[in-house]
Every structure is written in structure tokens, then in C-alpha cells.
Amino acid sequence: MTEAMKITLSTQPADARWGEKATYSINNDGITLHLNGADDLGLIQRAARKIDGLGIKHVQLSGEGWDADRCWAFWQGYKAPKGTRKVEWPDLDDAQRQELDNRLMIIDWVRDTINAPAEELGPSQLAQRAVDLISNVAGDRVTYRITKGEDLREQGYMGLHTVGRGSERSPVLLALDYNPTGDKEAPVYACLVGKGITFDSGGYSIKQTAFMDSMKSDMGGAATVTGALAFAITRGLNKRVKLFLCCADNLISGNAFKLGDIITYRNGKKVEVMNTDAEGRLVLADGLIDASAQKPEMIIDAATLTGAAKTALGNDYHALFSFDDALAGRLLASASQENEPFWRLPLAEFHRSQLPSNFAELNNTGSAAYPAGASTAAGFLSHFVENYQQGWLHIDCSATYRKAPVEQWSAGATGLGVRTIANLLTA
């Protein structure tokens, strides 16, 4: 490994020879980042991306001004899927160093898991990785159950079984219980539900290549809520939380589900399948039914659910939906505290009725007459939340993954959302 490039911070502008827009300058001592007080964390992250682009793979964050948030901003921009990078961190106090180390361990796990090829990460592997991560930080405070394949059908998890049955890799439901109280009768404070589609071809409503080539990342919601629970535990979460991951491949085969199929759920709802590429809501429904049965104060589901959310927000914000204004406000406050981007999109009672079917209570996709795709998807999910008007948040994870690099991020997963959900759980 070459000698480390020193990276220092300055509140003074760069020498005029670097140009009036210069955010960093280079001299014999290393690289100086010139902070302007307007968006220092963003500036550090963008500069780190440029430094990585120069091929510099070993750096030392040196001098005054570095704290955990600034170190983390640098790492978010510096990390990329290919190659090895080494950072020598500055001296931080014990609390800040522990916070940074936990982010590096858990959010890097989220990014690396989302970036993993689908060939390496099937439904069972995703569930087991989640168990391993949370067990590592929680120890014997965790119990879990994994249900897969035909056992899902026999136990009534018809959405998950239907979507996953077309793959040779069995669909899996992970039900994990983090209970720090030691009391088996302790109330459940929150339930987290994640969409874990480890590859999404679209099924018989097949995707074009340009829309399928990033679908190893369609389990981003599951990775995000797993990371959020693990991170909340490192921050001292002392309440009981349950995690439900709905994991499957959505593939084409002689046994795959088809348009016109009708799924009957355990809560009695019948759903007509009119788009096999709207599979995420079908698997989440099973997880939300289980979550509702726990009678928690709060249910949070996370899913890379719709292209409509990305159309509205790009990859820059996660989309938030809720009927509960107070709870939505709490999550947005958590996002602000953690410097993570969330934006609330509309969800109203009428969205719940914009999925009409001639053969069932619900259609799994909106018609051309109801084009608000992200809102109608949230409306669909609300039918599987017992008390949907209070205590439920739906996150459409549009900021989870980038197909191409931008000035702040490499291509691939971002890890955004983990800290916000953890903040809300521990508030």
C-alpha cells in the first residue's frame, strides 16, 4: 500500500488560481477541502468522490475539524463497489469513534448486501445474513423463525409463496424477535417489514433489459430495515421490535404465477394479479398481516416498490407515505437529525379504492385511469394493515440504489434510510 494522502479541512477559500468554485486544492502536504459553511457534509462527500476518481486509494484524515459526521460523509463518497480503499481516521472521542465504527460495520453491510449479485444472494442467504448481522450486535436477545417453500403455502403466506414459487430457490419469510426485556409477554413496540426480492425479472410481465439490469437491488428495503434494527441496537434500543423479511425471486417458469391469478390472503382479502411485475406489494402484504397481529405502536415497511416514486423524486430522496401525520412528522424530524433525504408524498383514502378488479376485492396494480402509481401502491398495502390510519409508515426506497455514479455517490447502493429509521426507533 502506498503512503497515505493527507486530507485536511479548511474554512478558508482555495487559492484563486484554483478557480472561484474550487472545493479542494492540492499541495505538497496533501489535499485540502475548503468548507464554506453552507453544505459542508455534502462538500466533503463530493470531494471524496473526486479523490477516489483520481485513483487515490489510501488516505489519512488529518488535522482539525474532523468529527464522526464529517468522517462518515467522506466515507460515503469514497466507498465504491470495486477496489480496496484504506482510510486512516483522525482521533475522535470514544463516543464518536464508536458511532463511526457502528456506521462502518452496519451501513457498509447494507450497501455490500444490496450490491451482491443475485447468484450469490438468494432468499435463504438474505434471511441468514440478516440473522447473522443482528445476532452479532444483539446476542441472546434475539430469536427467529425461518419459514420457506411449501411451508409458506401450508401456513397461509399465499402472496410470498405465489410470487416465489417460479424459482428453484424457495421463497422465505424471516420473523425475527429482538426482545431486550427478557419478558416473553412484553409488548412489541415496533414492527419492521422489508421487501426482499433477491431478483426481479418482472415475471410474465417481463421487464426490458434497461429496467432489469439493476434488479439484484430489489431487496433493498429488506436490507435497509435489517440495518436499521441493528443500528438502533448499537444505539441502545431497549424496546421489543420484530422484523419480518419477505424474501423471494420473481422469475419465469412453468410454475410461475400468471396474470389473472387470484391470491387469497389470511385476512380474507382476495387480490387479482394483473401485473406480475407488481410483486413487491404481494409479498409485503403477508409481512404486514403478521406485523399487525403483534399490535405494535408502530409499523414501518420499506420496499423498492415503484418506478413512480423514482419518477417523482429521482434517486435523491426516499418517498414516505402515511395516514398518521404525527408519526410522519417524527420520521421526517429523524431524517433531518441524521441528514438523510426523505420526502412525503400523498396518501389519501381515495387511493385505497383506485385498484378495482372485476374478479376480486383488489387488483395488484392501478389502471390507466389512476396514474398515481406510488400512492396507489401504498393504498394497496393499507388493506393489510389492521389499523392503517395510525402508527403505520410506508417507505418507497427510491434512494436505495444508483445505476450510475454521480458527484456524491459511486454506482450501487447508498445505505440511506438506515440511520433515520434507527433514530425513530430510539427517539
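Glycine residues also receive a Cβ, built from the backbone N, Cα and C atoms like all the rest.
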Note = From candidates Asp200, Asp213, Asp325, Swiss-Prot puts in the same Mn(2+) 1 site as Asp277, Glu279 the residue Asp200
Key: Per Swiss-Prot, member of Asp218, Asp249, Asp301 binding Mn(2+) 2 alongside Lys195, Asp200, Glu279   = Asp218
Request  = Quick one: pull the CA-CA distance for Asp218 (Mn(2+) 2 binding site) versus Asp277 (Mn(2+) 1 binding site), whole Å only.
outcome  = 12
Query = For Lys207 (active site), which of these recorded positions sit within 10 Å, Cα to Cα: Lys195, Asp200, Asp277, Glu279, Arg281?
reply = Asp200, Asp277
Message = Measuring Cα to Cα, how far is Asp277 (Mn(2+) 1 binding site) from Lys195 (Mn(2+) 2 binding site) in Å?
response = 14
Remark   = For Lys195 (Mn(2+) 2 binding site) and Arg281 (active site), the CA-to-CA distance in whole Å is 8
Message = DSSP secondary structure for Asp200 (Mn(2+) 2 binding site), reduced to helix/strand/coil, please.
response = strand
Ask   = Which ones in the same chain are close to Glu279 (Mn(2+) 2 binding site), with CB under 8 Å and 6+ residues apart in sequence?
value = Val163, Ile197, Asp200, Gly203, Ala248, Asn250
Inquiry  = Quiz question: given the active-site residues Lys207, Arg281, which has the greatest number of C-beta atoms lying within 10 angstroms of its own C-beta?
reply    = Arg281
